[in-house]
Each structure stands twice: as C-alpha cells, then as structure tokens.
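As annotated by Swiss-Prot, N6-acetyllysine applies to Lys41, Lys48, Lys83, Lys124, Lys140, Lys150, Lys255 (among others). Look at Swiss-Prot and you will find Lys48, Lys124, Lys128, Lys140, Lys255 (among others) tagged as N6-succinyllysine.
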Amino acid sequence: MFYIQSSEALQILKNSLRKHLPESLKVYGTVFHMNQGNPFKLKAVVDKWPDFNTVVIRPQEQDMTDDLDHYNNTYLIYSKDPKHCQEFLGSSDVINWKQHLQIQSSQADLGKVIENLGATNLGKVKHKQCFLYMVSHTAKKLTPSLVDAKHLVVSSEKPTPFDHQLFKFARLDVKHAALVNSIWYFGGNEKSQKFIERCIFTFPSVCIMGPEGTPVSWALMDHTGELRMAGTLPKYRHQNLIYHVAFHQVHTLEKLGFPMYLHVDKVNLTIQRMSAVLGHVPMPCTWNQWNWVPL
C-alpha cells in the first residue's frame, strides 16, 4: 500500500487514470482537484506504485471523526481489476468498515466485491445506480472516441428564455445551503447540510435569484468535480430555469479548465432531456454509490 501525496505523483496518477476513462471518471475528477490545491484535504491510496491496480481516494483519518457521517466518510474507487481487489479494499488501513460510509465509482463491477466485504464486516449495503454523462467539451478533450453521433441523443427542444427583469444569475452563498439541502435527493439532514456548505464555500456554484431575492434554481460542484445537487423550487419548475443554470455553470467552469461530468437518475426524464439539449455525452458506464451501515 502506498500513499500518493506529491504533486508530481498525483500528476502521474491523473495521467494514468485518463487512459482508463470513462470507467475511472469519478476518481479522475477527484484527483484533478487534489492536484489543484486539494481543498478537501483528501489522500490517494494505491495497492502498488507506479503500476497500480486499484486506487482509493478518501479523507484523512483525522478528518473522519464522526462515525455516522457518510457524506464526509466517502471513498472514490477505481480498479483495473475489479474482481480481484477485495483484499486491498478489505484492509482497515484503506477503508474503515466500522463507520457509516459511502463508496462512489464509475464501475458497477465493484458491486460484487463491496457486497462480499459488506457480508464479511457484518453490515448492510444499499446500491444506487444512475446514468453518467460527460459535458461535451470535456468529452471531446478526454474521450474523443466517445463523441460520436451514434452515442448522442439528438434533441430539437429549445428552452424558452427567462425574464431577466425577474431573474438574475448569481453565486450561491453558504447561507443558502439549507435551501439546497431541503430538496436534494440525497440530503435533507444536518450532515448533508454541512457537506453542502463545504461545497458552496469551496467550489464555484451558480444560481438564479428570483423576485424575492432568494435562489429559485441552482447547481453546485462537489469535491470529485461532479456537477451535483441541482434543483429548482417547486413554485418555479416547468420554466426551464434549471437549463439556464446548467448552461451558465458549464460555461463558467469551462473557462477554469475543469473537467465536467454529472449523473442523472434513470427515472428523471426531465434532466435526461435537458442533458440531450445541452449536448452532454452519455457514458457507456454508470454512476454508482454504495451506502454502508455497520450492524
């Protein structure tokens, strides 16, 4: 087991992960931001170096003091050989199976290993799988072979403009975290609000302010570089505001050179249509999250 800490080693790791896109996307996005100052103070662990098979990105041990906070206790995993990484992932030095935690990966094949480890460590595993998209600009740069007409869903829909007298673009403030948390699918609790506050404070965000001077539609970015937690207040839905937020967010982050990707729930047809309008590229792999609760 090796810890990857220096900027030089992180760059080598990022370059290696790029060769395995899109399956390595979740870890690639995280390592990109680790090498841009590592604002979430994460660490990379590999089974061997430099010719690694499996890499795990996780918080520092001293930052994992709350055994019940799976938003903080998050592990990002990529393995070149997902069927034979169980011993490495089972090590307590790699993953603390005594805590509530979540594992995210662009590899569904890790599911069997995680289920086995869940049984070994006596706990419950809940799996959520979603569609995975890469923003077209990012896909053209990182995975040009996937940017092909046969992979794209062509949409002729055009969103209606919004009233710029009533609605204004802005950046979210930490004080808006409770509002975001109130309608986030994975949120709605005190620990998720702390995570949202940290994302708003650390990374660029976009919102549309409504007539009352509060956000009515928004989108954030998390510590893995994923575009997440987008939402619109029920009162303002069906006005295509989320499209304008997403479009503005992509162009803002594109100027910063960030790789951009996102997941969409398999039943969320509205955001799937929006992704088609925006030209997001659907990936052949999926977004996966496993929530683990020890008994």
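Including glycine, each Cβ sits where the backbone N, Cα and C put it.
Recorded features from Swiss-Prot, shown on the structure.
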| residue | record | DSSP class |
| --- | --- | --- |
| Lys41 | N6-acetyllysine | coil |
| Lys48 | N6-succinyllysine | coil |
| Lys83 | N6-acetyllysine | helix |
| Lys124 | N6-acetyllysine | strand |
| Lys140 | N6-succinyllysine | helix |
| Lys255 | N6-succinyllysine | helix |
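Between Lys83 (N6-acetyllysine) and Lys48 (N6-succinyllysine), the C-alpha separation comes to 17 Å. A straight line from the CA of Lys48 (N6-succinyllysine) to the CA of Lys255 (N6-succinyllysine) spans 35 Å. The shortest Cα-Cα distance from Lys124 (N6-acetyllysine) to any of the modified residues (Lys41, Lys140, Lys255) is found for Lys41.
A straight line from the CA of Lys41 (N6-acetyllysine) to the CA of Lys255 (N6-succinyllysine) spans 24 Å. A C-beta separation below 8 Å, combined with a sequence spacing of at least six in one chain, links Lys140 (N6-succinyllysine) to Val147. Of all the modified residues listed (Lys124, Lys128), Lys128 sits in the most crowded Cβ setting, with the most other Cβ atoms within 10 Å.
Between the CA atoms of Lys255 (N6-succinyllysine) and Lys128 (N6-succinyllysine) there is a gap of 32 Å, rounded to the nearest whole number.
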